[in-house]
């Protein structure tokens, strides 16, 4: 299935039905009074988050959604039926924005969360509504109110705990296939990954985290080069980024340090907030480096990179070092999920000794007997 993570749609809620002006007409009842009912409410348009969806492709082919209008009121005190609502199902993690105002209408982060996108118009009043003790035969009625019309932008950002970052062919897809049940396409040419892939990593029976793999970045990605710039937004909800480095490039003229610095530069250009996220270095393909040269190669890389954060040495192909990386990631993610201790509100705290401010009651006082 084709991956689509951004679409624009038009939604039109239903108009309210018109009110009715009529009078009761029966034999032997010359002045039956008003009996015109109100119009029905126009149909609303809702959006619901669905964890079973992972693309917005359905909205690529159907871009206009119009709810039914409410029915008009009728005589004999009959109110019009409300228009049928429309419910749009989108992947969890979708952000919906009004293109005209720029206002963020909804951000669906929970399965089955339901949010109103466009409100249907209220039904008009029939003449029965205007009946009073002084106006017993009203003839006025009102039309229904129009429903809301909006042009909306739907943007999908995947929900993942960990994001994989790196140049093409750094081994990101190989890693996600090694540590999870995800099976992305893997090949020895650049840009094999064309869309984000998600994988669930099981650490224990009830312990897991989600990893997101996006297409590789190249220098100039923030200006539109390559594919990665289109998918960097999918890393904005992650808790930690794994910067994967190819330590054994095919071309001897390629400098892994220069490539790593280029990725960091592009990340900072694209989104400073994404640049500030916790980022770990994962030195991959060490199985292709002679054992006696590994320590010196890693030490030289870290020194030239001037890196102060965590460093992991792995081989995604042979899975060497992957278990240590998995447990480190889970410990980090679990620590962030713990709720912080409640901090008492300083407005309701005092440093005074309450034992002195409120002396103990006198036991001889008859009120306490």
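Cβ coordinates are placed from backbone N, Cα and C, and glycine is handled just like the others.
The GTP binding site feature in Swiss-Prot is assigned to 166-173, 191-195, 213-216, 284-287, 315-317. Summarising the annotation, Swiss-Prot assigns Mg(2+) binding site to 173, 193. As annotated by Swiss-Prot, domain 'Obg' applies to 1-159. Taken from Swiss-Prot, the feature domain 'OBG-type G' covers 160-334. Taken from Swiss-Prot, the feature region 'Disordered' applies to 339-369.
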Next item on the list: Looking only at C-alpha atoms, tell me how far residue 285 (GTP binding site) is from residue 173 (Mg(2+) binding site), rounded to the nearest Å.
Entry: 13
Next item on the list: Averaged across the domain 'Obg' (1-159), what pLDDT does the model get? Just tell me the whole number, please.
Entry: 88
Next item on the list: Give me the Cα-Cα distance between residue 315 (GTP binding site) and residue 173 (Mg(2+) binding site), rounded to a whole Å.
Entry: 12
Check: Including all protein chains shown, what's the count of other C-beta atoms within 10 A of the C-beta of residue 173 (Mg(2+) binding site)?
Finding: 24
Note to self: I'd like the Cβ neighbour count for residue 315 (GTP binding site), meaning other Cβ atoms within 10 Å of its Cβ, all protein chains included.
What the structure shows: 22
Next item on the list: May I ask you to report the DSSP-based helix, strand or coil state of residue 166 (GTP binding site)?
Entry: strand
Check: Can you check what DSSP calls residue 215 (GTP binding site), collapsed to helix, strand or coil?
Finding: coil
Notebook entry, point to check: How far is it from residue 166 (GTP binding site) to residue 173 (Mg(2+) binding site), counting Cα to Cα, in Å?
Noted result: 11
Checklist line | Rounded distance in angstrom between the Cα atoms of residue 173 (Mg(2+) binding site) and residue 215 (GTP binding site) | finding: 9
